[in-house]
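Asker: Got a structure for you, questions after.
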C-alpha cells in the first residue's frame with residue numbers, strides 16, 4: 001500500500017476488480033466499524049458475513065472498532081455470531097466502553113473511582129478491569145433548591161468523570177459531574193467515549209449522540225474532555241497494543257468520514273468507505289475537491305457500495 005506524497009490531494013477511487021485483489025492481498029489486518037458497515041440495527045448488511053468469512057479463511061486478522069459505548073465486548077461477539085459473521089473473541093472487539101475502561105485503569109491511581117454518566121455496559125467494562133465506579137442509572141436532584149443541589153454528598157474516592165451514552169442523562173447528573181470536576185480540579189480526569197453528535201436511525205430520523213452529553217459537561221466545567229473513541233488515535237493504539245499491527249498493512253473500513261476515515265488516515269492506514277451507512281459519495285467528492293487540509297483528511301482511499309462488493313476479489 002503506497003503512501004501518499006506530502007501535500008498531494010487525496011483521491012477516492014472505487015475498489016473493484018484487480019485493484020481490490022491487490023489492496024486486500026497486501027493487507028494482513030482489517031478494522032471494521034460495525035453499525036452501517038456490517039449491520040443496520042439487528043439486520044446484517046447483505047453479503048457482509050460472507051465477505052468477512054472469506055477474509056477470515058484467507059488468514060486476515062479481523063478486528064472491530066466501534067464508538068458505541070452501550071454494549072460490552074462480549075455482547076458484540078454474541079451479535080457477530082448471531083448474524084452469521086466469523087467467530088470473534090472479545091479481544092478482537094474494541095468498543096469505546098472497553099477503551100475508556102482501559103484508559104482509566106492506566107491513568108487513575110489504585111483505588112480511585114470514576115463517576116459515570118453512561119450505560120450498564122460501560123459500568124461492566126470498568127468493573128472488568130477493576131476500576132471502582134458509581135453513577136449509572138437514573139438520578140434525582142437532592143432537593144428543591146440550588147443550594148441543595150450543591151451540597152449533595154460526594155464520594156471521596158472519585159478522581160474521574162466518564163461520559164458515555166446515557167439514556168438517563170439529567171440535570172442532576174450534570175450537577176454532580178461538575179461538582180466532582182470542581183472539587184478535584186486538574187487532578188480529576190474528564191473522559192468521553194466519543195463525540196458522535198447524532199445517531200442515525202432507519203427511515204432517515206436520528207437521536208442525539210454521546211457528543212451532545214460530553215459537550216454539556218465540557219461547557220459546565222469549562223474544560224475539554226479526553227476522547228477515547230474515533231477519530232482519536234487512542235482506539236487504534238489499543239488495537240496496536242493487543243496485536244502486532246503494521247499500519248501499512250492495515251485497512252480501516254467504515255461508513256463515517258469524521259470518525260472511521262479520519263482515524264484511519266491520521267494513523268497511516270488504508271481507508272475504505274462503505275456507502276451502506278451515513279455517508280454519501282457526494283460528501284466525499286465535496287471534501288475531495290476542497291483545498292482545505294482538514295477536509296482533505298476526511299477523504300478515504302477507496303469506496304465500495306457495500307462490503308459485499310469485495311466478494312469477487314476474494315474468490316470462492
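Even glycines carry a Cβ here, placed using N, Cα and C.
Just so you know, TrEMBL annotations are computer predictions that nobody has curated.
In case it helps, TrEMBL gives these features for our protein:
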- 33: active site, nucleophile (ACT_SITE)
- 33, 35, 255: Mg(2+) binding site (BINDING)
- 35: active site, proton donor (ACT_SITE)
- 230: substrate binding site (BINDING)
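Could you tell me the structural context for the features on the list?
Answerer: The Cβ of residue 33 (active site, nucleophile) has 25 other Cβ atoms within 10 Å, all protein chains considered.
Non-local neighbourhood of residue 35 (Mg(2+) binding site): 41, 66, 68, 277, each in the same chain, at least six residues away, with C-beta under 8 Å from its C-beta.
Every protein chain shown contributes to the tally, and the Cβ of residue 230 (substrate binding site) ends up with 31 other Cβ atoms within 10 Å.
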Asker: For residue 255 (Mg(2+) binding site), which residues of its chain lie six or more apart in sequence with Cβ-Cβ distance below 8 Å?
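Answerer: The answer is 33, 36, 37, 273, 274, 275, 276, 277, 278, 279.
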Asker: Specify all same-chain residues, apart from the site residues 33, 35, 255, whose Cβ lies within 8 angstroms of the center of the Cβ atoms of the Mg(2+) site, ordered by sequence.
Answerer: 34, 36, 37, 38, 66, 254, 256, 260, 274, 277, 278
